Amino acid sequence: MLTHFFFKKPVGGNYLQLLRIGTGSVLLFAVLELWPDFDALYGPDGVLPHSLVMEIQSAVGLSYPTILQEIHSVTAWPYAVLTHGTVTLYAILCILLAFARRLHRIVAAALLLLHSSLFTVQPLYSYGFDFLGSVALFYCLLAPRRPSSSWARPWLRVLQLHLCLIYFFSGAGKALGHTWRNGAALYKALGVPAMPPLLPLDTALPTLGEYPFAFAIGGWAVIILELGYAAGIWWRRTYSLFLYGAISLHAAIALLLGLYHFSLLMIVFNYCAFWTDPPAQYGNRQDGTPEAAKSTSTGYRPVM
Amino acid sequence: MTTNSRMLFLIGVAFHLLVIAGHNILATADGVRTIYGWRLLPVPTEHRLRALLSHPVAAHYGIFSGIGMGYGFYAPQVGSPYVAMLERKSGGHCDTLFHPGLRTSTGILRFSSALDLFQWLTVAPDTAAHGMAKQLVDELAKQYRRRSGADSVRCHIYRIQPPSFQRPSDGIGLREVFSSSGYSIP
């Protein structure tokens, strides 16, 4: 059964190309937005000195400050050149990841190393998006290039299971907090958005705060959506509800909390993992209809 | 695809998914202990799991594959963000600015992640945490003074108090938790 789950069914869509284009685009967007502040946060003469950054959080692996110091000591290039060069290199690798299909493993490996040394090895200035970026790059590195490869299906399954674990633990954590159950957490999150949102609710929030039950319903909806996703996404009848529910949740997070990069990456994950491979497709393939035969002959849904 | 390669793949996947689950179980347990003070896992199990995940192989794998974290986004509760204010004095003139010269909202968000360290002062207000917080605030002031050329710079860390259901019209408030001139944490 386990072998059947991972290896037997043909791949549903060209998620591999979508994952590379989506990941490259979102990471490029994120690093270009960060560029004006990159030197202040990651340069040696930034808001905090490298020595203190290293002292606050010990790095697991080779961190960016260490690499920067090593390159500077060897080449004697100014730090400003090195930090701007880093962003340029990162941006070029993002573009190559999206479009240079033949080089995708080399590019994904290089970008993963650079991304990790910048954001996850020494995560003082990092947030969830950076770790999810590593996850996306990790799958870009390991998954095959072509959807017709026999390894395309197994890696899609791993991505799907990973996404289910993300939602399950996110929902379980929220269910354990009483403020999510009474809506206070949702009210607080909307009251103090992480970044300036497209649709700020600050003027409407005092009025909305007079209806706490509405936020309690919202809190429970998020908990049920996240907890139920892990099971509901595999069932044909609830698949659309959970897939579009999750995408809507991320769109709302982007619009109301301002977490654009995180939301875009999660939408890319959902799109690659489940939109290209809906459970209903298996039913069609077994029923012997002309649509099923056509679907099986092409093997995957074409990319838009 | 041979049977051996399939087996190897399945073993690798099992390891991958177990590392994800392990980090998330620990993150959830930490969150529950912080809020409610009770343990989700028995102490020996938690220690064993922590030791397994901090083994160099698992730790490096977790970092490079991006799975070395908990996925409890905004869970179990939404924390109050912290903000840094710098008070600059230069030639008799005094001005203040929030966020030490950062220009982008993504830069400010990342800097706020670093300030989340101050959360530990309220959770575990020990000497080491206070020492680290003091060092961070002093360095923020020192670095900014060096870059701006001001005569003196003082740094204040505020916790943003969002409106509550009890007083929705109060709006967002700021509460000072730390400053470069001394502690103000209870």
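Keep in mind that glycine also has a Cβ here, set from the backbone N, Cα and C atoms.
TrEMBL has this to say about the protein:
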- A:8-278: domain 'HTTM-like' (DOMAIN)
- A:12-32: transmembrane segment (TRANSMEM)
- A:76-99: transmembrane segment (TRANSMEM)
- A:106-121: transmembrane segment (TRANSMEM)
- A:213-235: transmembrane segment (TRANSMEM)
- A:242-269: transmembrane segment (TRANSMEM)
- A:284-304: region 'Disordered' (REGION)
- A:294-304: compositional bias 'Polar residues' (COMPBIAS)
Residue list, the transmembrane segment (A:106-121) vs rest of chain: Cβ under 8 Å, 6 or more residues beyond ends. 20, 27, 42, 59-64, 67, 86, 89-90, 93-94, 96-97, 100, 130-131, 133-134, 137-138, 140-141
Using Cβ atoms and a strict cutoff of less than 8 Å, what residues sit near the transmembrane segment (A:213-235) while being 6 or more residues removed from its termini? 160, 164-165, 167-168, 170-172, 174-175, 179-187, 241-243, 245-246, 249, 274, 279
Need one number: mean pLDDT over the domain 'HTTM-like' (A:8-278). 92
